[in-house]
Ligand code: ATP
Ligand code: MG
């Protein structure tokens with residue numbers, strides 16, 4: 001089995017002769033005494049921050065990898081026998097486990113997953129042999145839990161825990177009858193006669209190998225990368241799926257800085273990292289080596305040839321054939337956020353070098369919920385923990401599209417900052433979580449007086465995409481709502497934070513129809529900046545009267561829904577924002593009523609229902625997002641909440 005270890009191709013002596021990377025280094029300077037001192041402090045800081053696993057955990061990982069290696073070897077032998085190959089072939093039959101990702105690079109922390117690749121012979125395929133036969137073997141084992149095959153992914157993967165350690169297992173069948181135990185995966189011949197999926201599966205290992213070969217000093221690279229990954233997590237810019245950067249992207253950015261400063265030590269490399277990337281002129285690509293094309297003909301990143309490659313905002317090119325852009329997920333908005341964070345890091349590193357700040361200042365968490373005045377909240381609802389896992393994974397994978405669509409539909413005037421974390425409402429952890437996005441008007445662009453950002457159509461398009469989920473089950477739902485900073489739900493704040501003016505009122509689920517939110521709630525009106533230095537503020541303001549509120553009810557069963565008997569009133573809640581009684585979305589579950597809500601109730605009950613459409617609806621199939629009714633509300637105000645009273649004690653809330 002191929003394991004991470006002390007295979008460092010490069011020792012720690014000063015690098016003078018060998019050239020690393022595609023340009024000359026920026027500086028060959030080594031550390032001064034002060035750099036060494038700061039390096040010791042940084043090392044201590046990383047240890048104290050718990051970034052290294054214990055010896056026991058490291059041992060356990062090795063044992064687990066050994067076990068998996070034995071399992072796949074046994075699996076291939078069994079298939080070889082069943083397929084009627086000779087005894088000699090059965091004896092020689094082999095599969096090899098390689099590691100890649102953070103474990104292979106030697107930068108994984110406690111509890112990290114292990115990314116593994118199983119390479120098998122030509123006659124052992126992925127669809128049947130890997131995803132059915134091996135899957136069944138694993139499913140039978142006591143040590144294996146949370147087994148989850150993902151055959152349709154861009155890179156097909158089997159996810160599971162083995163003795164509690166998370167494993168991502170890929171499979172590649174190469175064009176050899178016998179896989180040698182010492183197979184060199186960096187050799188281009190492994191790519192002969194294999195399909196694109198196999199190339200992608202082999203790619204992670206080949207990339208990790210190349211990175212370790214292309215940096216001047218592996219240990220310096222590792223410590224710097226550990227530090228930058230931790231920094232990126234604390235600053236909210238570590239997440240491939242949300243459009244920021246993931247492990248391999250950060251590794252490539254750090255590796256390039258190591259090449260540019262071959263004799264620098266980590267304390268220097270961290271500050272050089274920020275210096276380089278605050279000045280980088282994106283979309284110039286970051287590359288560790290030149291892009292090779294060869295006769296195998298797999299497509300490589302080539303913006304002159306491929307128009308799509310020209311659209312990439314932050315190309316970070318993988319160093320193994322076929323070279324690809326590892327960060328195609330980055331959008332204009334996430335790039336902007338990351339560059340802001342690079343500037344922040346750069347300022348702090350300058351202070352650290354002047355002894356005006358400590359390393360801890362660099363890792364101060366980014367306060368996402370303090371940074372904006374307006375947010376979009378995407379609530380994800382499911383009936384149980386399993387459904388939630390699948391459904392929120394789907395929503396999360398599409399969340400990035402919402403930022404792209406909003407920026408597209410507002411011509412980039414409304415900028416989005418997706419938050420990579422999910423927030424779980426701990427009062428119902430299995431059934432509710434939420435994603436958030438900060439919103440601001442593009443800096444330096446003055447909106448016309450009265451101009452609104454109406455993203456209702458955009459949000460509807462996003463919802464439709466979400467609802468195309470192939471494995472949708474009753475109870476799976478999403479709600480998108482516009483929230484102001486003051487209206488953020490308490491569960492987004494760290495433990496112990498208690499807002500004094502919180503209102504929660506949550507509907508009870510009906511037997512047949514559950515009260516769900518309600519229409520689209522996303523018309524923003526720009527207004528003049530209140531403060532000189534805050535030109536990007538955006539606020540909801542009173543707008544035209546008689547707004548229409550759309551009601552959506554999630555129907556959990558088929559049959560007729562009499563909307564008139566379900567909806568008893570619709571009206572404005574009591575209270576201003578200052579009173580903290582605004583609530584703009586509602587979910588199934590228990591009702592939590594506090595004083596302010598009771599006051600709100602009293603007001604809205606006295607309102608009359610002005611108009612009801614679609615009185616009885618035949619519900620043919622359970623649907624999470626049926627549009628059931630709409631109401632014309634006199635003097636409705638954009639940005640405010642309206643309550644929908646339903647039969648029983650159910651309360652829904654519409655948000656204009
Ligand atoms: P982490 O510590 O977050 O697990 P990691 O480097 O292991 O960091 P993963 O997200 O687990 O990152 O991905 C594992 C590996 O899969 C990467 O190191 C890389 O080889 C491959 N990979 C993941 N995303 C991409 C991508 N966008 N392009 C190319 N390779 C990728
Ligand atoms: Mg990983």
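From the backbone N, Cα and C atoms, a Cβ is placed for every residue, glycine too.
Per TrEMBL, the features are as follows:
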BINDING   100, 101, 102, 113, 114, 115, 168, 229, 238, 247, 248  ATP binding site
BINDING   113, 115, 168  Mg(2+) 2 binding site
BINDING   113, 115  Mg(2+) 1 binding site
DOMAIN    21-215  domain 'Poly(A) polymerase nucleotidyltransferase'
DOMAIN    220-364  domain 'Poly(A) polymerase central'
DOMAIN    368-425  domain 'Poly(A) polymerase RNA-binding'
DOMAIN    429-500  domain 'Poly(A) polymerase RNA-binding'
REGION    526-545  region 'Disordered'
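Locations of recorded TrEMBL features on the structure.
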| residue | record | DSSP (3 states) |
| --- | --- | --- |
| 100 | ATP binding site | strand |
| 113 | Mg(2+) 2 binding site | coil |
| 168 | ATP binding site | strand |
| 238 | ATP binding site | strand |
| 248 | ATP binding site | helix |
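Checking the binding-site residues 102, 114, 248 against ligand 1, the ones whose Cβ sits under 6 Å from it are 102, 248. Separation of the C-alpha atoms of residue 113 (Mg(2+) 2 binding site) and residue 100 (ATP binding site): 11 Å, rounded to the nearest whole number. Within 10 Å of residue 115 (Mg(2+) 2 binding site), as judged by C-alpha distances, the binding-site residues found are 100, 102, 168; the full candidate list was 100, 102, 168, 238, 248. Broken down with DSSP, the domain 'Poly(A) polymerase RNA-binding' (429-500) shows 17 helix, 21 strand, 34 coil. Those residues noted as binding ATP (100, 101, 102, 113, 114, 115, 168, 229, 238, 247, 248) have their most widely separated CA atoms at a distance of 20 Å. In this structure, none of the binding-site residues 100, 114, 168, 238, 248 sits close to ligand 2 with a C-beta under 6 angstroms from any of its atoms. Each of the binding-site residues 113, 115, 168 was scored by how many other Cβ atoms lie within 10 Å of its Cβ, and the smallest score goes to 113.
The residues near the Mg(2+) 2 site, meaning same-chain residues not in 113, 115, 168 whose C-beta sits within 8 angstroms of the mean position of the site's C-beta atoms, are 101, 103, 114, 116, 157, 159, 166, 167, 169, in sequence order. Along the domain 'Poly(A) polymerase central' (220-364), the predicted structure has mean pLDDT 96. Packing around residue 114 (ATP binding site) is summarised by its Cβ count: 23 other Cβ atoms lie within 10 angstroms of its Cβ, all protein chains included.
Fewest Cβ neighbours within 10 Å among the binding-site residues 100, 238: that distinction goes to 238. The DSSP breakdown of the domain 'Poly(A) polymerase central' (220-364), given as helix, strand and coil counts, is 73 helix, 6 strand, 66 coil. Neighbour list (residue 248 (ATP binding site), Cβ cut-off 8 Å, at least 6 residues apart, same chain): 101, 204, 207, 318, 326.
Residue counts of the domain 'Poly(A) polymerase RNA-binding' (368-425) by helix, strand and coil are 29 helix, 15 strand, 14 coil (DSSP-based).
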